[in-house]
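Here it is, the structure in full.
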Ligand code: ATP
Ligand code: MG
């Protein structure tokens, strides 16, 4: 993984090292405008990978080096501590060390600590590291029993209320209005929230949000202090401005006072934190607020190949809502690269194995493991990838989440399972229940787990998902080895745990899409892209679904070169293939139908273009199932497949897969081979029409496959394009 701000092509120019203009050399004309417009409000509205972060870093460096900005007078605000650290490093390299780059929170905390004695007197209150304990106490005082998960979600609601500056009494109305799914009765939450605040005050403590709230309070009430801060910081730069919360915006306004030396950059299409109260309105309304603002749009995408950018643009073309109205068509500045790969797998383990295999290929072909990422929607999806990578001997690291077996709920479940396996023989319930999956469910329900997912999308849901993943693991294990016992399962789980605990070196990144914001990798795998996961089932309103689409856009645009999008038709091996690929990919992946496109009645499917509905080439019916799309006919319509050709193709595939050390379906899936055997294409154009034969595969395998179809021996098994 490379931090976006690090991969600069800023030239080392020894002769002009001291000159400010040297900083501008690595920028395009629009970025240069951003960098040189040092006065007045500046707003950069631009898509992913267009160099927003780079432009503001260079802007600060240019201002400092040209003597127009005093380093100590600049405050750069970024989204995470990591991003802030990277920006400081980058600024140092560019000769602008000494500029403060912080998150809103860390900047406010520093100011609060400094001014507390003067503003309030006495010692600065202690920072409450974790709210949960105090929320539990507040719950108890209100006589509301909350289990551990509800506690987390009530805490989430309190945090939301605080960043949206909603006081306890107003919480129910505000929560209703914004359609929040509260984990408990809203009046109860309001009461717990109020009590929590009181307890905190009584103990002289402040929480994370108080840091911002109190700083805002002091700046509002104490003009002398506000002036002192304003005399230090005169210029403000904010990255990822589309995800600013109302509270952060308030703080920014107070820092600025009447002045307007503010530069904000953002991409409304990457708004992915609305659920925490963030809103792109501040970014989109910037011009209204500051009519004199310089607004710069960047459209050149320096990060990704035209192939990746084409998909990103396609995704946004289908987006709706306010953010989407402001989208900009990205134009890739890079040379062409491989087409995005769409990979459909029969089940999740096969998907993980396929991804791990392809990662191994990439590493073998020279892509560093640290330049590869697997991104998923929810953290519970990590386990199967942790395992597949461990099995494939590929080092990995998790971002923004604990490893699966280190999660508290999973550890607790393992403990319960071990206990049950020891006493299992005596337990009539367990004797009755023959199926391992049911046994595991029974044990987990004794720890409070329910078969049905809880409502809402908070911590309760995350933990439920982790345990559901554990149940699935048990079921898959039982299926693969009939007759296994609970004791066998606990041994298996221990082994997995040990394998995944292998010490990590610089490895493949496993991260949720949310945690991938602002970052970039050479190769990105977006996995688990089924309807239900992307968009996630609990995204119900149009706005929630649009936020999911933006999340996928963020994922796609993390890739510089290789992008693979995959999904599995069923969860477990042998399961019913009931899942469908993400609706967001309709009209974008080969063989799929764009939403709202009219049926092209009567058009033969064979020889069709890549877009538009696919019709069964036997009966003419519109096809929607992924498997049928591949075959280009209904599953039960008569096949005119040349069985002998199919067998020869399979034999050839087996050799390929062995030679390249990757699973057979990574060469071609069965469905694709069947479709080839049915079509028996005579030339490349015909072959490329078959779903599953992308440009890369055509180049790599086309000659072989066409030779086999023509009844000849393939020229050579050596296909080395990697
Ligand atoms: P995101 O929306 O994902 O945060 P961004 O707009 O902030 O993206 P950057 O991370 O600044 O984009 O830049 C993306 C990549 O393109 C980085 O590797 C950066 O170094 C490179 N880049 C940006 N501008 C240029 C340029 N003018 N010349 C060469 N490379 C550039
Ligand atoms: Mg950025």
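Cβ coordinates come from backbone N, Cα and C, glycine included.
Predicted, not measured: the structure shown is a model, and the values here were computed from it.
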Looking at the candidate ranges 503-537, 538-572, 573-607, report the one that TrEMBL labels region 'Disordered'.
573-607
Which of these binding-site residues (47, 48, 49, 51) have a C-beta closer than 6 Å to some atom of ligand 1?
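Listed by sequence, the hits are 48, 49, 51.
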Just going by other Cβ atoms within 10 Å, which of the binding-site residues 50, 53 has the emptiest spot?
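Least crowded of the binding-site residues 50, 53, by Cβ count within 10 Å, is 53.
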Give the three-state DSSP assignment (helix, strand or coil) for residue 53 (ATP binding site).
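In the DSSP reduction, residue 53 (ATP binding site) maps to helix.
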Can you break down the domain 'HRDC' (639-719) into helix, strand and coil residue counts using DSSP?
52 helix, 0 strand, 29 coil
State the count of C-beta atoms found within 10 angstroms of the C-beta of residue 46 (ATP binding site), not counting that atom itself.
24
Quick one: of the binding-site residues 46, 47, 48, 49, 50, flag those whose CB is under 6 Å from ligand 2, and say none if nothing qualifies.
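Not one meets the Cβ criterion.
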